[in-house]
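S.K.: Can you keep this structure in mind? I'll have questions shortly.
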Amino acid sequence: SVGFKAGVKDYKLNYYTPQYQTKDTDILAAFRVTPQPGVPPEERGAAVAAESSTGTWTTVWTDGLTSLDRYKGRCYHIEPVVGEEDQYIAYVAYPLDLFEEGSVTNMFTSIVGNVFGFKALRALRLEDLRIPTSYIKTFQGPPHGIQVERDKLNKYGRPLLGCTIKPKLGLSAKNYGRAVYECLRGGLDFTKDDENVNSQPFMRWRDRFLFCAEALYKAQAETGEIKGHYLNATAGTCEEMIKRAVFARELGVPIVMHDYLTGGFTANTTLAHYCRDNGLLLHIHRAMHAVIDRQKNHGMHFRVLAKALRLSGGDHVHAGTVVGKLEGERDITLGFVDLLRDDFIEKDRSRGIYFTQDWVSLPGVIPVASGGIHVWHMPALTEIFGDDAVLQFGGGTLGHPWGNAPGAVANRVALEACVKARNEGRDLAVEGNEIIREASKWSPELAAACEVWKEIRFNFAAVDTLDP
(Lines of atoms letter the chains of each structure in order from A and count residues from 1; the text may use other names and numbers.)
(Lines give C-alpha, C1' and ligand atoms only; values in the text may rest on other atoms or scores of the structure.)
Protein backbone atom coordinates (compact mmCIF):
# COMPACT_ATOMS: atom_id res chain seq x y z
CA SER A 1 0.00 0.00 0.00
CA VAL A 2 1.08 3.58 -0.60
CA GLY A 3 2.52 5.30 2.48
CA PHE A 4 0.53 8.49 1.92
CA LYS A 5 -2.76 9.42 0.30
CA ALA A 6 -2.32 11.78 -2.64
CA GLY A 7 -4.74 14.61 -3.23
CA VAL A 8 -5.83 17.95 -1.86
CA LYS A 9 -6.90 18.18 1.79
CA ASP A 10 -8.55 21.01 3.65
CA TYR A 11 -5.93 23.09 5.45
CA LYS A 12 -8.03 23.11 8.61
CA LEU A 13 -7.54 19.37 9.10
CA ASN A 14 -3.87 19.95 9.93
CA TYR A 15 -3.41 23.65 10.63
CA TYR A 16 -6.47 24.78 12.61
CA THR A 17 -5.86 23.73 16.23
CA PRO A 18 -8.04 25.75 18.65
CA GLN A 19 -6.96 23.54 21.56
CA TYR A 20 -3.26 24.42 21.07
CA GLN A 21 -1.53 25.99 24.08
CA THR A 22 1.01 28.53 22.82
CA LYS A 23 4.60 28.18 24.03
CA ASP A 24 6.86 30.91 25.38
CA THR A 25 9.20 30.18 22.47
CA ASP A 26 6.56 30.53 19.71
CA ILE A 27 6.44 33.56 17.45
CA LEU A 28 2.79 34.67 17.56
CA ALA A 29 1.17 36.60 14.71
CA ALA A 30 -2.18 38.38 14.42
CA PHE A 31 -3.43 38.51 10.81
CA ARG A 32 -6.42 40.50 9.54
CA VAL A 33 -7.96 38.11 7.01
CA THR A 34 -10.40 39.18 4.28
CA PRO A 35 -11.37 35.96 2.46
CA GLN A 36 -12.98 35.20 -0.86
CA PRO A 37 -16.73 34.60 -0.44
CA GLY A 38 -17.75 31.13 0.72
CA VAL A 39 -14.53 30.17 2.51
CA PRO A 40 -15.21 29.31 6.19
CA PRO A 41 -13.18 31.22 8.83
CA GLU A 42 -11.33 28.13 10.11
CA GLU A 43 -10.15 27.25 6.61
CA ARG A 44 -8.90 30.81 6.03
CA GLY A 45 -6.93 30.96 9.24
CA ALA A 46 -5.50 27.50 8.66
CA ALA A 47 -4.54 28.45 5.09
CA VAL A 48 -2.55 31.42 6.38
CA ALA A 49 -0.77 29.23 8.95
CA ALA A 50 0.00 26.55 6.36
CA GLU A 51 1.21 28.78 3.54
CA SER A 52 3.49 30.78 5.85
CA SER A 53 5.08 27.66 7.38
CA THR A 54 5.28 24.04 6.16
CA GLY A 55 2.19 23.65 4.00
CA THR A 56 1.68 23.51 0.27
CA TRP A 57 -1.46 23.12 -1.84
CA THR A 58 -1.38 19.30 -2.06
CA THR A 59 -0.15 16.35 -0.04
CA VAL A 60 3.46 15.43 -0.87
CA TRP A 61 5.22 12.18 0.01
CA THR A 62 8.21 14.03 1.57
CA ASP A 63 5.87 15.17 4.37
CA GLY A 64 6.56 11.72 5.78
CA LEU A 65 10.28 12.46 6.10
CA THR A 66 9.86 15.11 8.78
CA SER A 67 7.73 15.85 11.81
CA LEU A 68 5.10 18.31 10.63
CA ASP A 69 3.70 18.54 14.14
CA ARG A 70 7.02 19.96 15.27
CA TYR A 71 7.47 22.50 12.49
CA LYS A 72 4.04 23.58 11.27
CA GLY A 73 2.40 26.91 12.00
CA ARG A 74 -0.92 26.62 13.81
CA CYS A 75 -3.98 28.85 13.69
CA TYR A 76 -5.06 28.67 17.33
CA HIS A 77 -7.74 31.36 17.56
CA ILE A 78 -10.06 33.31 15.25
CA GLU A 79 -12.19 36.33 16.12
CA PRO A 80 -14.47 38.43 13.89
CA VAL A 81 -13.55 42.09 13.37
CA VAL A 82 -16.20 44.33 14.94
CA GLY A 83 -17.90 46.56 12.39
CA GLU A 84 -16.58 44.66 9.36
CA GLU A 85 -18.53 42.09 7.39
CA ASP A 86 -16.71 38.82 6.77
CA GLN A 87 -13.33 39.89 8.17
CA TYR A 88 -11.44 38.07 10.91
CA ILE A 89 -8.34 38.30 13.06
CA ALA A 90 -6.53 34.96 12.82
CA TYR A 91 -3.90 34.20 15.46
CA VAL A 92 -1.06 31.96 14.29
CA ALA A 93 1.74 30.37 16.35
CA TYR A 94 5.05 29.51 14.65
CA PRO A 95 7.61 27.18 16.24
CA LEU A 96 10.95 28.90 16.79
CA ASP A 97 12.87 26.30 14.78
CA LEU A 98 11.35 27.69 11.56
CA PHE A 99 13.54 30.80 11.77
CA GLU A 100 17.24 31.55 11.42
CA GLU A 101 18.76 33.20 14.48
CA GLY A 102 19.40 36.94 14.23
CA SER A 103 17.75 37.32 10.81
CA VAL A 104 14.79 39.67 10.35
CA THR A 105 15.09 38.87 6.65
CA ASN A 106 14.38 35.18 7.22
CA MET A 107 11.58 35.86 9.72
CA PHE A 108 9.73 38.08 7.25
CA THR A 109 10.36 35.79 4.29
CA SER A 110 8.30 33.14 6.08
CA ILE A 111 5.64 35.15 7.86
CA VAL A 112 4.91 37.77 5.17
CA GLY A 113 6.10 35.84 2.12
CA ASN A 114 4.05 34.05 -0.56
CA VAL A 115 0.98 33.84 1.66
CA PHE A 116 0.15 37.47 0.81
CA GLY A 117 -0.47 36.52 -2.80
CA PHE A 118 -2.71 33.58 -1.88
CA LYS A 119 -5.81 33.46 -4.13
CA ALA A 120 -8.21 32.19 -1.44
CA LEU A 121 -7.79 35.54 0.32
CA ARG A 122 -8.95 38.89 -1.01
CA ALA A 123 -6.63 40.70 1.38
CA LEU A 124 -4.30 39.91 4.28
CA ARG A 125 -2.64 42.17 6.81
CA LEU A 126 -0.15 41.36 9.55
CA GLU A 127 -1.33 43.45 12.52
CA ASP A 128 1.18 42.44 15.18
CA LEU A 129 3.90 39.95 16.14
CA ARG A 130 4.93 38.62 19.54
CA ILE A 131 8.67 37.98 19.37
CA PRO A 132 9.71 35.44 22.04
CA THR A 133 12.53 36.42 24.38
CA SER A 134 14.60 33.44 23.26
CA TYR A 135 14.57 34.78 19.67
CA ILE A 136 15.20 38.41 20.72
CA LYS A 137 18.39 37.25 22.43
CA THR A 138 19.82 36.21 19.04
CA PHE A 139 19.77 39.86 17.85
CA GLN A 140 22.13 42.71 18.69
CA GLY A 141 19.35 45.28 18.28
CA PRO A 142 20.01 49.05 18.28
CA PRO A 143 23.71 49.96 18.13
CA HIS A 144 23.53 52.05 21.32
CA GLY A 145 20.04 52.86 22.60
CA ILE A 146 18.48 55.85 24.32
CA GLN A 147 20.61 56.24 27.45
CA VAL A 148 23.94 55.74 25.68
CA GLU A 149 22.93 58.32 23.04
CA ARG A 150 22.10 60.90 25.71
CA ASP A 151 25.46 60.23 27.38
CA LYS A 152 27.32 60.59 24.06
CA LEU A 153 25.55 63.88 23.30
CA ASN A 154 25.46 65.16 26.90
CA LYS A 155 21.81 66.21 26.46
CA TYR A 156 19.25 65.38 29.14
CA GLY A 157 15.75 66.26 30.31
CA ARG A 158 14.23 67.35 27.01
CA PRO A 159 13.40 66.08 23.52
CA LEU A 160 16.11 66.56 20.89
CA LEU A 161 15.59 68.94 17.97
CA GLY A 162 16.28 68.15 14.33
CA CYS A 163 15.81 69.57 10.85
CA THR A 164 15.79 68.02 7.39
CA ILE A 165 17.76 70.16 4.94
CA LYS A 166 15.59 71.42 2.05
CA PRO A 167 15.34 71.57 -0.89
CA LYS A 168 15.95 67.87 -0.52
CA LEU A 169 17.58 67.56 -3.95
CA GLY A 170 19.58 69.99 -6.07
CA LEU A 171 21.86 71.85 -3.64
CA SER A 172 25.63 71.73 -4.13
CA ALA A 173 27.64 70.23 -1.29
CA LYS A 174 29.00 73.60 -0.15
CA ASN A 175 25.58 75.28 -0.04
CA TYR A 176 24.19 72.21 1.70
CA GLY A 177 26.91 72.44 4.36
CA ARG A 178 26.14 76.12 4.84
CA ALA A 179 22.46 75.31 5.50
CA VAL A 180 23.55 72.66 8.04
CA TYR A 181 25.80 75.15 9.83
CA GLU A 182 23.09 77.82 10.09
CA CYS A 183 20.60 75.37 11.63
CA LEU A 184 23.05 73.91 14.15
CA ARG A 185 24.38 77.35 15.11
CA GLY A 186 20.82 78.47 15.88
CA GLY A 187 20.27 75.79 18.51
CA LEU A 188 19.26 72.51 16.87
CA ASP A 189 20.87 69.26 18.01
CA PHE A 190 20.75 67.54 14.61
CA THR A 191 20.32 68.21 10.94
CA LYS A 192 19.42 65.48 8.48
CA ASP A 193 20.07 64.32 4.96
CA ASP A 194 16.79 63.70 3.21
CA GLU A 195 16.12 60.02 2.61
CA ASN A 196 16.67 60.32 -1.15
CA VAL A 197 19.99 62.15 -0.83
CA ASN A 198 22.56 59.44 -1.59
CA SER A 199 25.24 60.31 -4.15
CA GLN A 200 23.79 62.11 -7.16
CA PRO A 201 25.45 64.17 -9.92
CA PHE A 202 24.69 67.51 -8.20
CA MET A 203 26.22 66.39 -4.89
CA ARG A 204 28.47 63.35 -4.47
CA TRP A 205 28.46 61.71 -1.06
CA ARG A 206 32.09 62.37 -0.18
CA ASP A 207 31.77 66.12 -0.83
CA ARG A 208 28.60 66.28 1.26
CA PHE A 209 30.18 64.39 4.15
CA LEU A 210 33.18 66.76 4.21
CA PHE A 211 31.17 70.00 4.10
CA CYS A 212 28.66 68.74 6.69
CA ALA A 213 31.48 67.67 9.04
CA GLU A 214 33.04 71.12 8.70
CA ALA A 215 29.64 72.71 9.44
CA LEU A 216 28.98 70.71 12.58
CA TYR A 217 32.49 71.24 14.00
CA LYS A 218 32.17 74.98 13.42
CA ALA A 219 28.72 75.03 15.09
CA GLN A 220 30.05 72.97 18.02
CA ALA A 221 32.91 75.40 18.57
CA GLU A 222 30.54 78.37 18.59
CA THR A 223 27.77 76.92 20.79
CA GLY A 224 29.65 74.61 23.14
CA GLU A 225 27.07 71.87 22.42
CA ILE A 226 27.61 68.53 20.70
CA LYS A 227 26.02 68.58 17.24
CA GLY A 228 25.19 65.89 14.70
CA HIS A 229 24.18 65.58 11.06
CA TYR A 230 22.58 62.34 9.84
CA LEU A 231 24.91 61.44 6.99
CA ASN A 232 22.92 59.11 4.75
CA ALA A 233 25.08 56.06 4.07
CA THR A 234 22.38 54.27 2.04
CA ALA A 235 23.86 53.02 -1.24
CA GLY A 236 23.30 50.59 -4.10
CA THR A 237 25.42 47.84 -2.50
CA CYS A 238 26.22 46.82 1.07
CA GLU A 239 29.92 47.29 0.36
CA GLU A 240 29.42 50.89 -0.76
CA MET A 241 27.19 51.58 2.25
CA ILE A 242 29.89 50.38 4.67
CA LYS A 243 32.53 52.40 2.77
CA ARG A 244 30.48 55.55 3.42
CA ALA A 245 30.00 54.67 7.09
CA VAL A 246 33.77 54.12 7.44
CA PHE A 247 34.44 57.57 5.97
CA ALA A 248 31.93 59.12 8.40
CA ARG A 249 33.74 57.44 11.29
CA GLU A 250 37.09 58.76 10.02
CA LEU A 251 35.65 62.28 10.03
CA GLY A 252 34.72 61.79 13.69
CA VAL A 253 31.03 62.62 13.28
CA PRO A 254 28.58 61.12 15.80
CA ILE A 255 25.81 59.69 13.60
CA VAL A 256 24.99 58.16 10.21
CA MET A 257 21.69 57.30 8.57
CA HIS A 258 20.06 54.47 6.62
CA ASP A 259 16.81 53.97 4.68
CA TYR A 260 15.99 50.59 6.18
CA LEU A 261 13.09 49.46 4.00
CA THR A 262 14.47 50.47 0.60
CA GLY A 263 17.97 49.41 1.70
CA GLY A 264 16.70 46.10 3.07
CA PHE A 265 16.95 44.36 6.43
CA THR A 266 20.16 42.49 5.65
CA ALA A 267 21.93 45.76 4.79
CA ASN A 268 20.43 47.48 7.83
CA THR A 269 21.57 44.80 10.27
CA THR A 270 25.05 44.88 8.70
CA LEU A 271 25.25 48.66 9.21
CA ALA A 272 23.89 48.43 12.78
CA HIS A 273 26.65 45.97 13.71
CA TYR A 274 29.26 48.28 12.18
CA CYS A 275 27.84 51.26 14.10
CA ARG A 276 28.02 49.51 17.46
CA ASP A 277 31.56 48.32 16.82
CA ASN A 278 32.68 51.83 15.83
CA GLY A 279 30.77 54.15 18.14
CA LEU A 280 28.41 55.63 15.54
CA LEU A 281 24.76 56.37 16.27
CA LEU A 282 22.34 55.17 13.58
CA HIS A 283 19.34 57.18 12.39
CA ILE A 284 16.73 55.19 10.46
CA HIS A 285 14.35 56.58 7.88
CA ARG A 286 11.28 54.54 6.92
CA ALA A 287 10.91 55.54 3.24
CA MET A 288 8.49 53.10 1.51
CA HIS A 289 6.65 52.21 4.73
CA ALA A 290 3.30 53.59 3.54
CA VAL A 291 3.39 51.26 0.52
CA ILE A 292 3.36 48.41 3.04
CA ASP A 293 1.40 49.74 6.00
CA ARG A 294 -1.13 52.41 4.97
CA GLN A 295 -4.03 50.27 3.76
CA LYS A 296 -6.12 48.91 6.61
CA ASN A 297 -6.91 45.55 4.99
CA HIS A 298 -3.67 44.53 3.30
CA GLY A 299 0.04 44.64 4.02
CA MET A 300 1.67 44.99 7.40
CA HIS A 301 1.07 47.46 10.23
CA PHE A 302 3.90 49.85 11.07
CA ARG A 303 4.07 48.45 14.61
CA VAL A 304 5.45 45.25 13.04
CA LEU A 305 7.99 47.21 10.99
CA ALA A 306 8.94 49.07 14.19
CA LYS A 307 9.52 45.80 16.08
CA ALA A 308 11.56 44.50 13.15
CA LEU A 309 13.67 47.66 13.18
CA ARG A 310 14.37 47.31 16.90
CA LEU A 311 15.61 43.77 16.23
CA SER A 312 17.60 44.71 13.12
CA GLY A 313 19.10 47.83 14.72
CA GLY A 314 18.68 51.60 14.75
CA ASP A 315 18.94 54.34 17.38
CA HIS A 316 16.28 56.63 15.85
CA VAL A 317 13.33 55.80 13.60
CA HIS A 318 10.67 58.01 12.06
CA ALA A 319 7.35 57.26 13.75
CA GLY A 320 4.74 59.82 12.67
CA THR A 321 3.74 63.03 14.44
CA VAL A 322 0.01 62.68 15.29
CA VAL A 323 -0.30 66.44 14.57
CA GLY A 324 1.54 67.06 11.28
CA LYS A 325 1.00 66.32 7.58
CA LEU A 326 1.71 62.56 7.57
CA GLU A 327 -0.48 59.60 8.54
CA GLY A 328 -0.75 58.62 12.21
CA GLU A 329 -3.62 58.31 14.69
CA ARG A 330 -2.74 59.23 18.29
CA ASP A 331 -3.48 55.96 20.11
CA ILE A 332 -1.92 53.81 17.40
CA THR A 333 1.18 56.01 17.24
CA LEU A 334 1.65 55.98 21.02
CA GLY A 335 1.27 52.19 20.94
CA PHE A 336 4.23 51.64 18.64
CA VAL A 337 6.23 54.47 20.25
CA ASP A 338 6.04 52.43 23.48
CA LEU A 339 7.10 49.32 21.53
CA LEU A 340 10.18 51.22 20.35
CA ARG A 341 11.22 52.74 23.68
CA ASP A 342 10.03 50.57 26.56
CA ASP A 343 11.41 47.29 27.88
CA PHE A 344 8.03 45.66 28.59
CA ILE A 345 4.71 46.48 26.90
CA GLU A 346 1.37 45.02 28.01
CA LYS A 347 -1.25 43.87 25.53
CA ASP A 348 -3.62 46.79 24.91
CA ARG A 349 -6.05 46.51 22.02
CA SER A 350 -7.23 50.10 22.54
CA ARG A 351 -3.79 51.14 21.21
CA GLY A 352 -3.51 48.36 18.65
CA ILE A 353 -1.16 46.17 20.71
CA TYR A 354 -2.28 42.56 20.26
CA PHE A 355 0.39 40.85 22.38
CA THR A 356 2.37 41.52 25.52
CA GLN A 357 5.99 42.08 24.43
CA ASP A 358 9.06 41.64 26.62
CA TRP A 359 12.24 43.05 25.05
CA VAL A 360 14.54 41.58 27.74
CA SER A 361 16.75 44.67 27.97
CA LEU A 362 17.28 45.09 24.21
CA PRO A 363 18.20 48.81 23.85
CA GLY A 364 15.36 51.18 22.98
CA VAL A 365 14.89 53.27 19.84
CA ILE A 366 14.15 57.02 19.92
CA PRO A 367 11.04 57.86 17.86
CA VAL A 368 11.39 60.77 15.44
CA ALA A 369 8.39 63.05 14.86
CA SER A 370 8.77 64.64 11.43
CA GLY A 371 6.51 65.98 8.70
CA GLY A 372 4.55 69.24 8.54
CA ILE A 373 5.23 70.39 12.10
CA HIS A 374 6.02 73.92 13.30
CA VAL A 375 6.34 75.96 16.51
CA TRP A 376 2.61 75.93 17.30
CA HIS A 377 2.81 72.12 17.47
CA MET A 378 5.61 72.17 20.06
CA PRO A 379 3.39 71.89 23.19
CA ALA A 380 1.42 68.97 21.73
CA LEU A 381 4.58 67.18 20.58
CA THR A 382 6.25 67.63 23.97
CA GLU A 383 3.16 66.28 25.70
CA ILE A 384 2.61 63.34 23.32
CA PHE A 385 6.20 62.11 22.99
CA GLY A 386 7.81 63.14 26.29
CA ASP A 387 11.57 63.58 26.58
CA ASP A 388 12.85 60.56 24.63
CA ALA A 389 12.07 61.76 21.12
CA VAL A 390 13.56 63.76 18.26
CA LEU A 391 11.26 66.54 17.05
CA GLN A 392 12.23 67.29 13.47
CA PHE A 393 11.18 70.52 11.79
CA GLY A 394 12.25 70.79 8.14
CA GLY A 395 10.04 73.47 6.60
CA GLY A 396 9.30 74.55 10.18
CA THR A 397 12.94 75.65 10.50
CA LEU A 398 14.03 76.56 6.97
CA GLY A 399 10.75 78.31 6.17
CA HIS A 400 11.37 81.02 8.77
CA PRO A 401 11.15 84.46 7.10
CA TRP A 402 14.56 85.49 8.48
CA GLY A 403 16.47 82.33 7.52
CA ASN A 404 17.71 79.04 8.93
CA ALA A 405 19.45 80.19 12.12
CA PRO A 406 16.49 82.31 13.33
CA GLY A 407 14.22 79.35 12.45
CA ALA A 408 16.36 77.12 14.65
CA VAL A 409 16.31 79.72 17.45
CA ALA A 410 12.50 79.87 17.29
CA ASN A 411 12.20 76.10 17.66
CA ARG A 412 14.73 75.91 20.50
CA VAL A 413 13.03 78.74 22.42
CA ALA A 414 9.61 77.12 21.93
CA LEU A 415 10.93 73.74 23.12
CA GLU A 416 12.67 75.15 26.19
CA ALA A 417 9.50 77.09 27.08
CA CYS A 418 7.35 73.95 26.81
CA VAL A 419 9.75 71.82 28.88
CA LYS A 420 9.97 74.53 31.55
CA ALA A 421 6.17 74.89 31.68
CA ARG A 422 5.71 71.11 31.91
CA ASN A 423 8.26 70.88 34.71
CA GLU A 424 6.35 73.59 36.58
CA GLY A 425 3.21 71.45 36.38
CA ARG A 426 1.36 73.34 33.66
CA ASP A 427 -0.92 71.40 31.28
CA LEU A 428 0.59 71.64 27.79
CA ALA A 429 -2.58 70.32 26.13
CA VAL A 430 -4.67 73.13 27.63
CA GLU A 431 -2.19 76.01 27.93
CA GLY A 432 0.06 75.26 24.95
CA ASN A 433 -0.78 78.28 22.81
CA GLU A 434 -0.49 80.59 25.81
CA ILE A 435 2.95 79.17 26.67
CA ILE A 436 4.20 79.81 23.11
CA ARG A 437 2.76 83.35 23.11
CA GLU A 438 4.45 84.16 26.41
CA ALA A 439 7.80 82.89 25.13
CA SER A 440 7.48 84.85 21.88
CA LYS A 441 7.49 88.13 23.86
CA TRP A 442 11.15 87.52 24.68
CA SER A 443 12.17 86.04 21.31
CA PRO A 444 11.62 88.04 18.12
CA GLU A 445 12.59 84.91 16.14
CA LEU A 446 9.78 82.90 17.76
CA ALA A 447 7.32 85.78 17.33
CA ALA A 448 8.05 85.86 13.59
CA ALA A 449 7.63 82.06 13.33
CA CYS A 450 4.32 82.22 15.21
CA GLU A 451 3.03 84.80 12.76
CA VAL A 452 4.03 82.82 9.65
CA TRP A 453 2.46 79.50 10.69
CA LYS A 454 -0.54 80.59 12.74
CA GLU A 455 -3.07 79.45 10.10
CA ILE A 456 -1.45 76.19 8.97
CA ARG A 457 -3.54 73.02 9.46
CA PHE A 458 -3.50 69.52 7.95
CA ASN A 459 -7.09 68.53 8.71
CA PHE A 460 -7.43 65.09 7.15
CA ALA A 461 -8.61 61.97 8.95
CA ALA A 462 -6.16 59.08 9.23
CA VAL A 463 -6.76 56.21 6.79
CA ASP A 464 -5.52 53.49 9.14
CA THR A 465 -7.69 53.65 12.28
CA LEU A 466 -8.39 51.36 15.21
CA ASP A 467 -11.35 48.98 15.03
CA PRO A 468 -14.43 50.07 17.03
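Glycine residues also receive a Cβ, built from the backbone N, Cα and C atoms like all the rest.
These came from Swiss-Prot, pasted as-is:
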- Lys166: active site, proton acceptor (ACT_SITE)
- His285: active site, proton acceptor (ACT_SITE)
- Asn114, Thr164, Lys168, Arg286, His318, Ser370: substrate binding site (BINDING)
- Lys192, Asp194, Glu195: Mg(2+) binding site (BINDING)
- Lys5: N6,N6,N6-trimethyllysine (MOD_RES)
- Lys192: N6-carboxylysine (MOD_RES)
- Lys325: site 'Transition state stabilizer' (SITE)
S.K.: How many whole Å apart are the CA atoms of Lys192 (Mg(2+) binding site) and Lys168 (substrate binding site)?
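M.R.: One finds 10 Å between the Cα atoms of these residues.
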S.K.: Between Glu195 (Mg(2+) binding site) and Lys168 (substrate binding site), how far is it from one CA atom to the other, in Å?
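M.R.: About 8 Å separate the Cα atoms of these two residues.
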S.K.: Looking at the binding-site residues listed here (Asn114, Asp194, Arg286, His318, Ser370), whose Cα lies nearest to that of Lys166 (active site, proton acceptor)?
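M.R.: Result for Lys166 (active site, proton acceptor): the nearest of the binding-site residues is Asp194.
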S.K.: Substrate site residues Asn114, Thr164, Lys168, Arg286, His318, Ser370: biggest Cα-Cα distance, Å?
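M.R.: Max span of the substrate binding residues, Cα based, is 37 Å.
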S.K.: How many whole Å apart are the CA atoms of Asn114 (substrate binding site) and His285 (active site, proton acceptor)?
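M.R.: A Cα-Cα distance of 26 Å.
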S.K.: Including all protein chains displayed, how many Cβ atoms other than that of Lys168 (substrate binding site) lie within 10 Å of its Cβ?
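M.R.: Cβ-Cβ neighbours of Lys168 (substrate binding site) within 10 Å number 14.
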S.K.: Name, in the order they occur in the sequence, the residues of the same chain whose CB lies under 8 A from the CB of Arg286 (substrate binding site) and which sit 6 or more residues away.
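M.R.: Long-range Cβ contacts: Asp259, Tyr260, Leu261, Phe302, Leu305, Leu309, Val317, His318.
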S.K.: For Asp194 (Mg(2+) binding site), which of these recorded positions sit within 10 Å, Cα to Cα: Lys168, His285, Ser370?
M.R.: Lys168, His285
S.K.: By a simple count of other Cβ atoms within 10 Å, which of Asn114, Thr164, Ser370, the binding-site residues in the record, is least packed?
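M.R.: It is Asn114 that, of the binding-site residues Asn114, Thr164, Ser370, has the fewest other Cβ atoms within 10 Å.
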S.K.: Between the recorded positions Lys166, Lys192, His285, His318, where is the Cβ count within 10 Å the lowest?
M.R.: Lys166
S.K.: Which has the fewest other Cβ atoms within 10 Å: Asp194, Glu195, the binding-site residues listed?
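M.R.: Result for the binding-site residues Asp194, Glu195: minimum number of other Cβ atoms within 10 Å at Asp194.
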S.K.: Other residues with Cβ within 8 Å of the Cβ centroid of Lys192, Asp194, Glu195 at the Mg(2+) site?
M.R.: Thr164, Ile165, Lys168, Asp193, Asn196, Val197, Tyr230, Asn232, Met257, His285
